[in-house]
Each structure stands twice: as structure tokens, then as C-alpha cells.
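K.L.:
Here you go, one structure.
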């Protein structure tokens, strides 16, 4: 990839991936790497600029995360955010102290709008603070360019050394002018021109795939979800009939989804498609398993085993395609970062894979970028904007062990929920919505009889990047209609609850 590059050094804060997302929204490509990456590795990216993220640690703690000090001598512009600002100060001879009053939430700051970082930003502007410590004495040569009532060094800079830092979080939506500040860093300070465009990504990917694959055969894992569908069409554009797509119907799909996938890819696209119906195989392997991580690993392994079995039938296959995307990689752990949960595409692979290589053409893209790539490729809108669906399917939306009866129950409830959301015209406003079959039963009354059936959870969120998400404010009358239909039309359900937890602290999926 020959795009301009911004490097994001990850110090473990909760908003870190939003930084990468905001940079890309500004048409500049960036990658996230661990804070302790070697100087040689950092230099190898030939980056136009570097951003230090926030983090949960105090720079005053023993063993606090620190980057290679040589970063400050590269001459590359550096922007430190929150912890990144405090780290910059301490490593360059300044000092950090505990604040008399912790700042958390929206705070008004006063900025020096004559400085390049704050061009087109109001002198008094709102920003999002989340800190207990602050820089009380900036390093030699630095000047203060912003302050708040409780933070005398809200931002600082050393223009000659191209070093900049802010105590607040410009990447979050609660800092209204944050995007402008980041663009100022990218364009006014780093000199970026903005060459990260989806059309060039698609074109470059097609060329790279052709060069990599040559005349060899490729097998694609197709689920019918957005990620694997875009990956399949992208690969097909590059190599045509050398691609064979295997659609594994593991019995964990949504209602009618298996037939819809076959209809679209076999008839609408001239793609070699093999549908493998193996519901019994998966359910047998998952029998009695309730731990979500174990479910994911088993499903990932079975997927690969199925692919290997089919590959033997069709002859020599050199490459396996997967629809891994950037949030999959991030949430499965970057460097020393804690693993939130393994993702099917990256954590479910067994150690031995009987293929030459895994190809992950979407590995560097966020979800909305995948959709844009799909539109660029001419994929129909109803497929590009299909609801996100995890690789393990409904297995991680049934809490506890799996049975066919539970899956069928969940399928019916999910279908009703999606049908009513679409009928209400909310399907484009809510980014992801689904039902979860809990492993809890509750007492109810239907007619004159006592019932003791499952409690069902509704989950719906709004998000721009799926790294953070807010629970969707669905109107009460819609929720009432969904609840009434489900308890009347689906056996085994007598109670509906609505999940009003954001991400973080929760993940979007329950497992």
C-alpha cells in the first residue's frame, strides 16, 4: 500500500480505535501498533505523523507504558492525546501532577486559535476530558496553547520539534471541534494530502490479489454476511473463475438466510458456489458446550475442517479467503493489549491449516469502510447494508448450551424483531439489532395457566464504527408491538427485556 501513513501508538485507552477511525474519515490512511514497537519498526512505515493515544495508566506509576524515546528525534510530527500528552511531558523533562479536581466529561477550554492545531476552532470551545493527572510544568521549549479552569496546560506545542499534545480527547463526538483539530494536525502540520479513498483501495486490492494469486486456485469462506460477501466479490473481480466459494450452512444462520445466500451468489453472480449443509455436524460438536470462547473455537475449527474436506473434492487449492475486518483484529488483542474476546475470523483458526496461505483482503477496514467498498464494487444495496452477523452465528446469541429447539426459537424471535424494525422505517437508523435467548426461565401467566419459559433479550445499538456503540432509543410503541408478537407467536418465550447497555462497558454481542 503506497498511501500516506499516520501511525497510532496504542497505550491501551478505551477510545484508541476511534482515533484511527477519525484519521481515516479525513481520507488519510493509518494503522494502530503497540506502544512498545521498536524504533526500527516505526521508521519502516515512513509515516507522515504519529499519534500517541490515551491510556488507563498514570505516567508516574512504576512500569508505566513508554515508547522508544527515539520517536521524538525522528523529526516526524507527533500528537499526544491525554496519557500521550503526559508521557511526552515526562519523557522530555516536564512534570505531571495529580489534579486537585479530576476532570471527566464536557469541559470548556480556551485555545490559542492562532496556532496551527486550532485553526478554525472557536477560542472558547467544548471538549471531552477524562483525566486525574495533568502537565503542571511543560518541557523546555514548549508553550501552552490551551487551558481550562482546572487544567492550566490543556494543550502544548514545540513547533520547531513538531511536537503537539492535548489533554482532552479530540476523537470523541463530545468534542464538537475535535475532527477539525485532527484535520489540522493531519493537513496543516503533517502535510498530508488525503489520498486514502475507497476507489483506490479497491483498485489496489484487485491488483495485489492478482499478483499474489497468479494462476492458482482460491477457496472463499462465504457466510452471506457483509464482510464475507464483499471479500468474495472483491476476490472474484480479481481472479474470476479461479475462485470457488464454499457456503457453510452450519444451522446457525438467521431465518431463511441460507436460501437467500444461495440465490444471490449462484444466480446473481457468476461465482462457483458450493453449499454445504452440515447443521448436524456442528450441533454434535457443540453439544453440551456453554462457554462462549469454547463455542467460538469449535465453530472456527469446524469451518476450517469443512473447507479442507471440500478442497480435497475440488482438487488443489492454494489460498483460503476470510472476511476478517479491522475491529476483529483489534478486539482479539494488539500487542500487549488485553483480549476482549476472540473473534471467529482471527481467534478460531486451528494451528494447522491445510492451505498455502490465508488471504484477508478486508483486514485493514472498519465496518463502514467495508460497506463503502461493497458499494464501490457494485454490490446490491440490500446486501451491502445487511445486518452485521458474527461468524459463529446464532451460537453466541443463545446463552448456554445449544439445541435445535433453542435455535429455532431464537430464529423466529429474531425474524419478528427485524421485521418490525424495518416496518417502522428504523432499519437504516439502527446499526445493529437482534434477539438473544437467555438461559434464564421465568414464571408467567398465559390465559389461566402458569408458564415457566425463557426470557428473551432485545439488543439494538447505534454506532459509526462498532468500536463504541450506544443503545438505540426505540419508541415504546414499537417495543410493545415486538413484545406482543413474540410472546403470542413464539412458543417457549414469556418475558421480553430490552438491553440498555452501551459499548463500553458491554460488547454489542452478549457472548
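The backbone N, Cα and C atoms fix where each Cβ goes, glycine too.
Copying in the features that Swiss-Prot gives for the protein in this structure:
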DOMAIN    5-195  domain 'Glutamine amidotransferase type-1'
ACT_SITE  82  active site, nucleophile
ACT_SITE  169  active site
ACT_SITE  171  active site
DOMAIN    196-386  domain 'GMPS ATP-PPase'
BINDING   223, 224, 225, 226, 227, 228, 229  ATP binding site
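I would like each feature placed in context: is it buried or exposed, what are its neighbours, and how far apart are things?
P.N.:
Taking the Cβ of residue 82 (active site, nucleophile) as reference, residues of its chain lying under 8 Å away and at least six apart in sequence are, in sequence order, 13, 53, 54, 55, 130, 131, 166, 167, 168, 169.
Of all Cβ atoms in the protein chains displayed, 24 besides its own lie within 10 Å of the Cβ of residue 169 (active site).
Around residue 171 (active site), the same-chain residues at least 6 positions away in sequence with a Cβ under 8 Å from its Cβ are 15, 18, 19, 21, 22, 81, 178, 182.
There are 24 other CB atoms within 10 A of the CB of residue 227 (ATP binding site), with all protein chains counted. Classification of residue 227 (ATP binding site) by DSSP places it within a helix.
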K.L.:
Residues other than 223, 224, 225, 226, 227, 228, 229 within 8 Å, Cβ to Cβ centroid, of the ATP site?
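P.N.:
So the extra residues in range turn out to be 222, 230, 231, 232, 323, 386, 389.
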K.L.:
Under 8 Å between C-beta atoms and at least six apart in sequence, can you list the same-chain neighbours of residue 224 (ATP binding site), or say none if there are none?
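P.N.:
Listed in sequence order: 247, 253, 257, 258, 260, 261, 264, 265, 386.
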K.L.:
What number of additional C-beta atoms lies within 10 angstroms of the C-beta atom of residue 223 (ATP binding site)?
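P.N.:
Here the count is 24.
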